[in-house]
Amino acid sequence: MMKNKPLCRFPTIPSVNASTILLLFSLMLGSSTVVFAKDLYDYLDLTWGEDRCKILNNGELLTVTLDEISGSGFQSKNEYLYANIEMQIKLVSGNSAGTVTAFYLSSKGNYHDEIDFEFLGNETGQPYTLHTNVFCQGKGNREMQFRLWFDPTADFHTYSIHWTPKHIVFSVDGIAIREFENMEEEGVPYPNSQPMKVYSSLWNADDWATRGGLVKTDWSEAPFNAYFKNFNEEDACVWSHGASSCRSDSRYSPSSNNAWLWDKLDYGAEGNMKWVQRKYMVYNYCTDIDRFPEGLPKECYLFKNPKY
């Protein structure tokens, strides 16, 4: 996300009832919204998988590979306590069933916080499932899943996590698809005390990822490859030596470089998010009554979660 720009910069439609074609056109254009061409060596460390994880093209492209022996992954050099993080990703093409490409923020330890994008592969010709989740103090179970409105293997698309003291916003090509608000005052845990790094990996999860594990990885299709570029941490509170790089008074200084910490979704962005959820969301934990026989999580009654 561009520096010092509020979340209301997300593409908006004149009204929720506007033409589907207009919205899809704006979504398709989103794949070219990021123009940063930074040297990935400056921001990322290759952490596992040996030479299956590589930075190429003078630092402009990163590839992760999965084969029968191992997957691979990387992490950010910096640690953050609140950030706008985004990256352009092109997912595994062809028969990707059983594979998972992950891009997420996470702290360390048994009671870790985590904010997840996970892309669940599928059989050739079938759509990917975009799996999102939020962990607080080691507890997740806050899944929302979507079908993407484009082929994520044909080109790069931008996936963003906007994490502030007010809320977490997941977005795809600049379109908010999910918001997790800070309702800590209402007794809902929120990740706001543990610094997190960015992690990404490509790994085999055919015990659960594709149709609940019914479809297994076809290793004759290996190696599987996913591609990353244009990592962006322009707006970020970098955590170092127990302190944040963001000014503590930024809430009261709208003109400061940290004013993004207090942005909120405007009416147009909320309308787009609800439209995407109605059209493309395939699972919402806040509607899964059978999963929570003792009652849905408290936030399901407080958040602006769709009930369809």
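Including glycine, each Cβ sits where the backbone N, Cα and C put it.
TrEMBL annotations: computationally assigned, not manually curated.
Now, the feature entries from TrEMBL:
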ACT_SITE  GLU114  active site, nucleophile
ACT_SITE  GLU118  active site, proton donor
DOMAIN    14-228  domain 'GH16'
CARBOHYD  ASN122  N-linked glycosylation site
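Location within the structure of each feature annotated in TrEMBL.
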{"residue": "GLU114", "record": "active site, nucleophile", "Cβ neighbours (10 Å)": "18"}
{"residue": "GLU118", "record": "active site, proton donor", "Cβ neighbours (10 Å)": "19"}
{"residue": "ASN122", "record": "N-linked glycosylation site", "Cβ neighbours (10 Å)": "20"}
Query raised in the report: At the level of the C-alpha atoms, what whole-angstrom distance separates the residue listed as 'N-linked glycosylation site' and GLU114 (active site, nucleophile)?
Result: 25
Requested in this report: Determine the mean pLDDT over the domain 'GH16' (14-228), rounding to the nearest whole number.
Outcome: 89
